[in-house]
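Working notes for the structure below.
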Amino acid sequence: MKGAKSKADSRKADSRLAVKKQTKKEKQAAKDPNKPKRPPSAFFVFMEDFRRQYKEKHPTNKSVAVVGKAGGDKWKSLSDEEKAPYQAAAEKRKEEYERKMEAYNRKLAGGDDESDKSKSEVNDEDDEDVSGDEDEDDD
């Protein structure tokens, strides 16, 4: 059994090859705070409105679970026509989110070294500096 490995040797090799798993804190630290937040679905748009109405009718209720369950039951009982305004609002928020994400991705791709000024404004300043230099040469 010259070529056989002991169990201890194989465990050592496995531990060296093991990939380190990230903890929750490490995963959260990787998130960019400037990244736009995902838009709510039609149900969550409905729940924003439903929570306000429910609190007016039941001001003493402190249970989040009761409100959520009542909202879910109400959402299930709504017809497609009654859900339409919430779906339209959710779609509008989704389009706005997509525009923000495009701008965010362009900003990431462009790099952080660019200033807030647009390129045309920067070029205009350069043109003014060049024309000012020419006037000095003529004197």
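Placement of Cβ uses the backbone N, Cα and C atoms for every residue, glycine included.
Caution: TrEMBL annotation is automatic and unverified by curators.
Applying DSSP to the DNA-binding region (36-105) sorts its residues as follows: 56 helix, 0 strand, 14 coil. Residues or ranges marked as DNA-binding region in TrEMBL: 36-105.
Residues or ranges marked as compositional bias 'Basic and acidic residues' in TrEMBL: 1-17 (among others).
The compositional bias 'Basic and acidic residues' annotation in TrEMBL covers 25-35 (among others).
Counting same-chain residues at least six beyond the ends of the compositional bias 'Basic and acidic residues' (71-105), those with a Cβ under 8 angstroms from any Cβ of the stretch are 34-47, 49-51, 54. Residues or ranges marked as compositional bias 'Basic and acidic residues' by TrEMBL: 71-105 (among others).
Taken from TrEMBL, the feature compositional bias 'Acidic residues' applies to 123-139.
Residues annotated as domain 'HMG box' in TrEMBL: 36-105.
Marked as region 'Disordered' by TrEMBL: 1-42 (among others).
What TrEMBL lists as region 'Disordered' is 55-139 (among others).
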Integer mean pLDDT for the domain 'HMG box' (36-105) | 95
